[in-house]
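Straight from TrEMBL, the features:
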{"type": "BINDING", "residues": "GLY46, PRO47, GLN48, SER49, SER50, GLY51, LYS52, SER53", "note": "GTP binding site"}
{"type": "COMPBIAS", "residues": "768-777", "note": "compositional bias 'Low complexity'"}
{"type": "COMPBIAS", "residues": "783-801", "note": "compositional bias 'Polar residues'"}
{"type": "DOMAIN", "residues": "36-251", "note": "domain 'GB1/RHD3-type G'"}
{"type": "REGION", "residues": "754-807", "note": "region 'Disordered'"}
{"type": "TOPO_DOM", "residues": "1-675", "note": "topological domain 'Cytoplasmic'"}
{"type": "TOPO_DOM", "residues": "721-807", "note": "topological domain 'Cytoplasmic'"}
{"type": "TRANSMEM", "residues": "700-719", "note": "transmembrane segment"}
Amino acid sequence: MDVGESCSTQLIDAEGSFNASGLERFLGSVKLAECGLSYAVVSIMGPQSSGKSTLLNHLFRTNFREMDAFKGRSQTTKGIWIAKAVGIEPCTIVMDLEGTDGRERGEDDTTFEKQSALFALAISDIVLINMWCHDIGREQAANKPLLKTVFQAMMRLFSPRKTTLLFVIRDKTKTPLEHLEPVLREDIQKIWDMVPKPQSHKETALREFFNVEVTALSSYEEKEEQFKEQVAQLRQRFFHCTSPGGLAGDRHGVVPASAFSFSAQQIWKVIRENKDLHLPAHKVMVATVRCEEIANEKLSRLASDEDWLKLEEEVQSGLVSGFGKKLSSILDSYMSEYDMETVYFDEGVRSVKRQLLESKALHLVHPAHQTMLGHLRSKTVQKFKSSLEQKFKKGEGFAASVRSCTRSCLSEFDKGCTEIAVRQASWDPSKIREKLRRDIEAHAASIRSAELSEIVSDYEKQLTETLGEPVESIFDSAGNDIWASIRKLYKRETKRAVSGFSIAISGFELDQETSNKMINNLIDFARSVVEKKARDESGKVLMHMKDRFSTVFSHENDSMPRVWTGRENIRAITKDARAAALKVLSALAAIRLDGKPDKIEHVLSSSLMDGPAAQERIMQASTDPLASSTWEEVSPRNTLITPVQCKSLWRQFEQETNYTVRQAISAQEAQRRIRLPAWVFLAMAVLGYNEFMLILRNPFYPMVFLVVFLLCRALWVQLDIAQEFRNGPISGILSVSSRFLPTVMNILKRLANEGEKHGTPTGHQPSRRSSSFRSQSLEPEAITNSVPDASSSTHVLSSESGIEDLS
Ligand SMILES: Nc1nc2c(ncn2[C@@H]2O[C@H](COP(=O)(O)OP(=O)(O)OP(=O)(O)O)[C@@H](O)[C@H]2O)c(=O)[nH]1
Ligand SMILES: [Mg+2]
């Protein structure tokens, strides 16, 4: 119930219920929370109907209910009422207590009296003790039990400060105050001495607990003017009473105004539970609770702060410039609000709660800071990637580029960390920095390995090109010492590649062991190229041998194709050709990159080239050097063709080349048959001289001779007599005789056709055909004298009639 400006409100009712909501409303309306420590609490105690409410209303211009003098003296104020003093600075809260010794509660029920006295002492700076003047010095005075109650209550309070007890003597008589006061103080001392005290306060003087002040007022009923005047004087003492030396000058242990409501509630709760009231502990408790409340309120306001929420959202999508400053200032504003609101609370408590608030607030914003660090880290990694690529492209050494980029990126990261750092926090970004360093190292390592792989593959490609085909060509040319040439090529190209490779990897500053390993790998690769090529060629060894055989067998020393005239020593030529082929077999039997001497050629030559004699030797020696799968002094790794394989290859080779040799022999024999000895020509000249002269003298004979010659020649060509007789005279005669007549007929028919055509306007045509006939008819002779290629073993001869014949 609010009444007027003083907002008089019942704080505790007669049953002892605390009106918390009423108090909150009251404090809100008087704006006590803004006062900090600058407020005073005054309460009044005294016998029932002793004019307490009347005094307070006059002193503080409050509106406490007073007894209506015309209705008799009965209890007016029940419980405890609270109001604000009007016109007094600082803010003064006035409490009007239920009178003591009231007949309404009965003589024995002093519980509420004691509880309210204790409550008033605990929360008031000044307690007015209202007493009748005529009670002073009286043994059975009404104020004695009251004082006893007050002092006993004080023993339970452990108050850290001195409360002012202002004794207000009502209805003062003509006896001056100077005489009354010593008597009153004596009365008070007597009661103090009588009050049982705890051992620690046995000798404690009253003044150590209270400031005792005494004042006297005239009767309000009888001398109202004087009463008002004296009250006005008394009122002056309440102005700025909280200043040092004032009635409420001792501010130790004052609860901050914002905690007044909570503190009062707690005190009343403790009093009702009949527990001792330890005010210092209570003060700490109040500070703890209030500071916690304030801190929680700040934290929840921070969590929903618009600036913070906006910042938090921005952080999700990338780096936010000025993050550290913005966040620090938001946090700062809430921390300083907390500081302001808790300034009057216990220093220890508020600083503990401040730390707690700060740590909770930092906990709230920490994820955003971490996200920022994450952005910073990924941005730095990207920066490192691009700057490394640029530097490397410019031709700076890889290791040097990595070093300088790492240095600059890490220093940029450190700068970024300083920018996003929150002033209130001491978050250590070293873990993220370490992660960043690992990211950078991992990227550098992956680029290093990719670049090195590319270099390796470039040089491997180069080696494949510079060794592969040249090695193949060496095998093809089948020179004198194939492996010496290969070794020379291998050494030259490997040396060149190794020196280029060493320069290319120097920028990576690899340790000696790694670079040596890579160089060795490259050398091994070069070796493997040669070995692979040798292996490939060894798979085609038979072809190489036949090629070589064919080259030697079918060509003269000057590489011209050999024409079998009948004078050649085919046996010797065959032997030479086979020896050359055996050399090829020997070369392809094993890899000889190390240049170690071996006996492969010797073994092959002695076992395969010496013919039956060798076979005989082998039979006698009981051990065939080629009946083995390994070569002496050659490792299996270097073996391309085993001795056993060589033997079977040689057998196959002989079979396939025998045909070529036979062809050569046949050609030679044919040549020999058609050549007449010289004496035949001499005999013919001597014996046929007369006939020859006869023919020369008669011009008809040469003409007939010419015609006969041409006919015979045409028959020779058409019947391919040389070819027919190649398979023996009998089969030749049979074949020629069966084809003789049709051929003659054919020739005559052609001649007739030619003659007919000769008579027509385009008669020059036959002569051309005839010359063509002649020129073509000479060709087969040359062809039949050449030897077919051993490798193909199939030779196609083209005759004038267009018939294809397999020889
Ligand atoms: N004799 C005398 N009577 C007074 C004085 N002041 C007030 N009264 C009268 O005493 C009666 C009680 O006044 P209240 O102010 O209600 O007294 P109270 O102590 O608040 O009474 P409770 O609240 O019931 O304990 C009223 O009739 C007043 O007129 C005074 O100075 N002298
Ligand atoms: Mg009253």
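Quick reminder: no glycine exception, Cβ is built from N, Cα and C everywhere.
Counting neighbouring Cβ atoms within 10 Å of each of the binding-site residues (GLY46, PRO47, GLY51), the lowest count belongs to PRO47.
Among the binding-site residues PRO47, SER49, SER50, LYS52, the residues whose Cβ lies under 6 Å from any atom of ligand 1 are, in sequence order, SER49, SER50, LYS52.
Per-residue pLDDT, averaged across the topological domain 'Cytoplasmic' (721-807), gives 52. Close to ligand 2, meaning a Cβ under 6 Å from one of its atoms, are these of the binding-site residues GLY46, PRO47, GLN48, SER49, LYS52, SER53: LYS52, SER53. Summarising the environment of GLN48 (GTP binding site), the number of other Cβ atoms within 10 Å of its Cβ, over all protein chains shown, is 20.
If you draw a 10 Å sphere around the CB of SER49 (GTP binding site), it holds 20 other CB atoms from the protein chains shown. Every protein chain considered, the tally of other Cβ atoms within 10 Å of the Cβ of LYS52 (GTP binding site) stands at 27. Of all Cβ atoms in the shown protein chains, 24 besides its own fall within 10 Å of the Cβ of SER53 (GTP binding site).
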